[in-house]
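Peer 1: The structure that follows is given in the form of structure tokens.
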Amino acid sequence: MRDPFFYRWHSYIDDIFQEHKERLRPYTEAQLNFNGITVTGVQVAPERGPTNTFQTSWQQSDVDLSRGMDFVAPRGNVTARFTHLNHTPFTYSIQVNNSSGAQRMGMVRIFLAPKTDERGNEMLFRDQRLMMIEMDKFVVSMRPGQNTIRRRSTESTVTIPFERTFRSLEESRPDQTTDAQQQFNFCGCGWPHHM
């Protein structure tokens, strides 16, 4: 659990960064353009349900809190049940045209932002910008012509599965020399998949 001060400090640093960004010259079109590469379509397909629609639901989960708390007398595990938002896994399909005539490498970054404000009014991009959250970030190779990039939500580099969010550090520890050990030692940073 994070100290409440963390969030205040994080907000303060964000504000300083935004003040700095407002003093910079706007990016030029040349800086923002990727010559020869055009995104021609984007689609989000859930495992079930209509295309371009997130299927969300409430779910209850149990978590062991005893690793993050000190007790005067040993009491065993302390578990808590909490209700959280979850979603059906989905797949991004991005259609890209590479008219450069050569194979190109690119970085795909996917963000989620609100489309409308609390009154239902469509938001301007400059207002959405501060509310965006990165959903995924990955490198792709694009051959000349039309390309379809597919990526499952569970493959995201910025999210972690629920099991690694609240895992036990004592149980199932693999041998020191295996690839599984590197995976086990993963820092656990990232947004939970279920968010």
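Cβ coordinates are placed from backbone N, Cα and C, and glycine is handled just like the others.
Straight from Swiss-Prot, here's the annotation block:
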{"type": "BINDING", "residues": "HIS10", "note": "Cu cation binding site"}
{"type": "CARBOHYD", "residues": "ASN77", "note": "N-linked glycosylation site"}
{"type": "CARBOHYD", "residues": "ASN97", "note": "N-linked glycosylation site"}
{"type": "CARBOHYD", "residues": "ASN98", "note": "N-linked glycosylation site"}
Peer 1: Within 10 Å of the Cβ of ASN98 (N-linked glycosylation site), how many other Cβ atoms can be counted across all chains shown?
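Peer 2: The answer is 20 other Cβ atoms.
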Peer 1: By CA-CA distance, flag whichever of HIS10, ASN97, ASN98 among the recorded positions is nearest to ASN77 (N-linked glycosylation site).
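Peer 2: In terms of Cα distance, ASN77 (N-linked glycosylation site) lies closest to HIS10.
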Peer 1: In angstrom units, rounded to an integer, how far apart are the Cα atoms of ASN97 (N-linked glycosylation site) and the residue listed as 'Cu cation binding site'?
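Peer 2: Cα-Cα, rounded: 39 Å.
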Peer 1: Among the glycosylation sites ASN77, ASN97, point out the residue whose Cβ has the most other Cβ atoms within 10 Å, with all shown protein chains included in the count.
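Peer 2: Neighbour-count leader: ASN97.
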Peer 1: How long is the line from the C-alpha of HIS10 (Cu cation binding site) to the C-alpha of ASN98 (N-linked glycosylation site), rounded to the nearest angstrom?
Peer 2: 39
Peer 1: Neighbour count, 10 Å Cβ-Cβ cut-off, for HIS10 (Cu cation binding site): what number do you get?
Peer 2: 11
Peer 1: Kindly assign HIS10 (Cu cation binding site) to one of the three DSSP-derived states: helix, strand or coil.
Peer 2: helix
Peer 1: Check the DSSP secondary structure of ASN98 (N-linked glycosylation site), expressed as helix, strand or coil.
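Peer 2: Reduced to three states, the DSSP call for ASN98 (N-linked glycosylation site) is strand.
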